[in-house]
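First the structure, in the form of structure tokens, and then the observations on it.
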Amino acid sequence: MVAEDAPVRGTCRVLFRTTTLIFLCTLLALSISILYESLIIRKQIMSQAGSTGSNFRLGSITDLLNNILSVANQIIYNSAVALPLQLDTLESTLLTAIKSLQTSDKLEQNCSWGAALINDNRYINGINQFYFSIAEGRNLTLGPLLNIPSFIPTATTPEGCTRIPSFSLTKTHWCYTHNVILNGCQDHVSSNQFVSMGIIEPTSAGFPSFRTLKTLYLSDGVNRKSCSISTVPGGCMMYCFVSTQPERDDYLSTAPPEQRIIIMYYNDTIVERIINPPGVLDVWATLNPGTGSGVYYLGWVLFPTYGGVIKDTSLWNNQANKYFIPQMVAALCSQNQATQVQNAKSSYYSSWFGNRMIQSGILACPLQQDLTNECLILPFSNDQVLMGAEGRLYMYGDSVYYYQRSNSWWPMTMLYKVTITFTNGQPSAISAQNVPTQQVPRPGTGDCSATNRCPGFCLKGVYADAWLLTNPSSTSTFGSEATFTGSYLNAATQRINPTMYIANNTQIISSQQFGSSGQEAAYGHTTCFRDTGSVMVYCIYIIELSSSLLGQFQIVPFIRQVTLS
């Protein structure tokens with residue numbers, strides 16, 4: 001219930017602060033008016049009968065203004081500091097009470113199931129935040145791997161395949177999904193989808209474990225692909241597309257594949273809808289979920305998306321001649337400026353994919369069951385992001401961030417802060433601000449390898465998102481110093497050597513490779529959270545590892561502690 005009231009609480013905060021600002025502006029105007037009138041009166045009195053009486057009147061007015069300003073300062077403090085803290089404390093208290101009630105001895109004695117979909121009290125206030133200051137970020141190290149039971153099932157035959165994990169975590173619970181193919185990993189005709197939800201609990205050793213409370217296996221003949229998942233109040237929401245042909249054929253077509261939203265609640269209610277967002281048909285040749293997780297934001301569920309835009313459509317024309325070159329390129333690329341600009345502009349268009357413009361964006365859906373025409377597509381401006389690719393959305397406090405897979409020519413981790421504009425209660429536009437970094441590279445072939453630093457056309461890379469440990473907005477220049485953690489494939493051209501790391505804008509601070517040299521791997525997802533009891537920060541690194549026994553890949557969750565050295 002608390003999670004469901006989050007949008008209302010956020011709206012009340014905005015209304016309260018807006019009213020406060022209007023009140024303060026009125027007070028300021030009145031104060032200026034009173035001061036102006038008092039000066040005129042003072043002049044008149046001094047010219048007529050001296051200044052004794054006017055000084056008394058002016059002193060009275062000054063005292064009145066001081067009282068007004070004192071009240072105004074108290075209002076500012078209450079609205080900006082005290083009220084948000086009280087709301088956070090109240091939320092934590094309510095969640096703790098609900099957790100305690102649903103696991104009480106009385107319920108257990110009455111044979112009631114005591115498992116609530118709420119994380120342990122130690123973690124509720126330690127989720128979706130920045131965990132270290134800028135100074136602390138310079139001295140972080142990775143702890144050893146912690147042994148926990150895996151909440152991710154693997155293939156059970158040598159021919160089976162589990163791929164494309166997506167994981168989402170909020171204060172209350174987590175949601176997870178991956179694709180299951182019965183024979184090999186290359187299949188655009190038939191697959192199933194595994195979904196689970198659960199909570200974080202402490203082990204007797206003191207570190208966290210992930211307890212699964214509900215699972216769902218979608219095996220109904222619908223070939224859902226590239227699914228992106230998000231936690232929502234009381235359950236999970238998932239965005240998938242239905243694949244019926246190879247990826248290249250999707251881009252060459254003129255109508256996008258079927259788009260689906262699935263809502264799964266903890267009480268076993270399942271709602272699935274085929275969605276038709278306005279502005280997609282006849283504009284997008286194909287539209288795919290970003291595979292990385294989405295977020296629940298102000299009553300809307302936001303998912304990363306990307307696809308191919310048809311030539312001469314309104315979106316195509318609006319993005320014409322737009323390009324983005326990351327800040328770090330200037331000092332690292334030997335091309336002259338004109339060549340960089342020309343190559344950067346052409347990098348958004350793929351001849352392999354029928355000369356479509358490869359575009360990134362956000363799918364925004366209200367949290368309701370009738371979603372057929374309610375979801376919206378919000379494209380990023382291509383002078384703020386690179387060529388369209390898989391991605392992930394994050395919540396850090398009240399801020400939304402975006403990871404974009406480095407499919408294009410710049411091989412480094414691409415993170416952005418996202419601003420969402422609302423019009424008449426609906427998200428209407430998005431903008432992105434890049435966190436400048438020259439770490440951490442992904443592998444690629446030819447001119448698109450991990451060593452490339454100059455603009456050009458690339459369609460390479462691998463999904464490897466990262467978690468920000470420090471706030472990029474904490475520096476005078478946005479993102480000039482930021483620390484983040486994740487996993488990457490430590491090779492220039494091959495998908496090998498999975499390595500967990502902590503890095504900043506310019507260097508890798510700490511790293512640990514998993515397995516022997518040459519170990520094959522693929523996608524990597526990273527999420528961090530804090531145990532507010534011990535104040536320790538943990539990160540879960542979900543990595544696709546190649547397997548010679550069961551399936552081509554096994555999806556494995558690794559947990560490490562991030563510590564100050």
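Cβ from N, Cα, C; glycine included.
The following features are taken from Swiss-Prot:
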- 1-20: topological domain 'Intravirion' (TOPO_DOM)
- 21-41: transmembrane segment (TRANSMEM)
- 42-565: topological domain 'Virion surface' (TOPO_DOM)
- Asn110: N-linked glycosylation site (CARBOHYD)
- Asn139: N-linked glycosylation site (CARBOHYD)
- Cys161-Cys185: disulfide bond (DISULFID)
- Cys175-Cys236: disulfide bond (DISULFID)
- 223-228: region 'Involved in neuraminidase activity' (REGION)
- Cys227-Cys240: disulfide bond (DISULFID)
- Asn267: N-linked glycosylation site (CARBOHYD)
- Cys333-Cys454: disulfide bond (DISULFID)
- Cys365-Cys375: disulfide bond (DISULFID)
- Cys448-Cys458: disulfide bond (DISULFID)
- Asn504: N-linked glycosylation site (CARBOHYD)
- Cys528-Cys539: disulfide bond (DISULFID)
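Across the topological domain 'Virion surface' (42-565), mean pLDDT in this model comes to 91. Checked against Cys365 (disulfide bond), the recorded positions Cys175, Cys185, Cys236, Cys458, Asn504 differ in C-alpha distance, with Cys236 being the nearest.
DSSP places the residues of the region 'Involved in neuraminidase activity' (223-228) in helix, strand and coil in these numbers: 0 helix, 5 strand, 1 coil. Annotation note: Cys448 (disulfide bond) sits in a helical segment as assigned by DSSP.
Cα-Cα distance from Cys161 (disulfide bond) to Cys375 (disulfide bond): 32 Å (rounded to the nearest whole number). With the fewest other Cβ atoms inside 10 Å of its Cβ, the least crowded of the glycosylation sites Asn139, Asn267, Asn504 in this structure is Asn267. Comparing CA positions across the disulfide-bonded residues Cys185, Cys227, Cys375, Cys458, Cys528, the one lying closest to Asn139 (N-linked glycosylation site) turns out to be Cys528. Checked against Cys539 (disulfide bond), the disulfide-bonded residues Cys236, Cys375, Cys448, Cys458 differ in C-alpha distance, with Cys236 being the nearest. For Cys458 (disulfide bond), other Cβ atoms within 10 Å of its Cβ number 23. Here the Cα atom of Cys236 (disulfide bond) is found 12 Å from that of Cys227 (disulfide bond). The two recorded residues, Cys454 (disulfide bond) and Cys375 (disulfide bond), have Cα atoms 37 Å apart. Separation of the C-alpha atoms of Asn504 (N-linked glycosylation site) and Cys528 (disulfide bond): 16 Å, rounded to the nearest whole number. For Cys448 (disulfide bond), the same-chain residues that are 6 or more apart in sequence and have a Cβ closer than 8 Å to its Cβ are Trp409, Pro411, Gly456, Cys458, Leu459, Lys460, Gly461. Most Cβ neighbours within 10 Å among the disulfide-bonded residues Cys375, Cys454: this distinction goes to Cys375. The Cβ of Cys333 (disulfide bond) lies under 8 Å from the Cβ of Gln340, Arg453, Cys454, Pro455, each of these being in the same chain and 6 or more residues away along the sequence.
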